[in-house]
Amino acid sequence: MKFRLAQNTKLEILKYILSMLMVMLIGTCIILSQGNSPTEAFQALITGSVGSVSAIGTTIRWATPSIITGIAAVIAFKSGIWNVGIEGQMYFGAFLAAIIGASVAVPKIIHIPLCLAAAGIGGMLFAFIPAILKLTLNVNELICTLMLNYAASLFTEYLTFKYMGFDASELADAIATPDMLPTARLGTIIPKTSASTAIFIALGIAILVYLLYKYTVKGYELKMVGENLRFSKYGGINYKRTFILIFLLSGFIAGVCGGTEMTGSFGKFRPAFATNLGWDGVMIASIAKNNPIAVIFISIFWGMLKSGSFHMERVTNTNRLVISVLQAVFVLLVAVDYEALYRWLCEKRQLRMLRSQKGEV
């Protein structure tokens, strides 16, 4: 039996390839403008992401939170809800996981699930705020979740100060919760690397969400709310309950991401520990067109870029923020509706031809 791709799938793949080539071209221009060699920079980028066992471990480490936050964004976006507060929900979940991990002495088989459950509940509680404000006061969820990111970051920083008894004169690097107990820490999958077993949690979440939307009635209801709100209401779907459920589920997964960061990587909570991990998830979900399986592969690519960028900066002296710029450009290029752009260009061309013909007459 021959495997054939649908025409739409072929066009999507072509769009990704063209976007990648354009990003490489733009990246080449930026690197040249800095007086560096693009060939050496891209070679260092590849070496730093997959060139050794250690590099692969670092790639997996950064791909893990990208998968989880990407899935958290997919849950919301697939249902037409703009939850851009994933980073804030992750912060709150991470703080609770760190506190449980440092203060509760239980066996490892209980401790890790307890930390992750606390993290998920923390993210869920923080996601409940914009959900209830939207339903009761009609507060725009995009603005609300965006502002709550800052609130979560500052609130968890305040809680860390209070919990540890720091004062304002303390250095920022010294402000942290106590070290989590060994029973609360996830193991590594590659020795002497930062790649933890959290990758399996991330993959499990992605597969479960895929199965939820693909094979369950509840998944169909969640998707229908986003695709056709009026039809879903006429179909007997309780919109308010479903709206809250979407926010809670998205927030829970975002919180779990914070939990895996604490149990798998950091081992303690530090204010501002996450470098735009929540926003990475938003971008990845947008590139993946809200497909949970696509999120996995794009997150691995994202992890390669992040891992390789550190090595590239060390070896070639090219600023790693160049990669962050290229990531944003890639998102914009993938988001472009090239079919609509082509139609617009054709219309403009026909209009010019008509005007030239009238001029000749």
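Every residue gets a Cβ built from N, Cα and C, even glycine.
Going by TrEMBL, these are the annotated features:
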TRANSMEM  12-35  transmembrane segment
TRANSMEM  90-107  transmembrane segment
TRANSMEM  114-133  transmembrane segment
TRANSMEM  139-161  transmembrane segment
TRANSMEM  195-213  transmembrane segment
TRANSMEM  242-260  transmembrane segment
TRANSMEM  281-305  transmembrane segment
TRANSMEM  325-345  transmembrane segment
Q) Counting only residues 6+ away from its ends, which parts of the chain sit with a Cβ under 8 Å from the transmembrane segment (242-260)? A) 64-65, 68-69, 71-73, 75-76, 79, 81, 83, 85-87, 89-97, 115-116, 118-128, 130-132, 134-135, 141, 186, 196, 198, 201-202, 205, 209, 221-222, 225, 232, 274, 277-278, 281
Q.
How about long-range neighbours of the transmembrane segment (12-35): same chain, 6 or more residues beyond its ends, C-beta under 8 Å?
A. 5, 41-42, 289, 318-319, 322, 325-326, 329-330, 333-334, 338
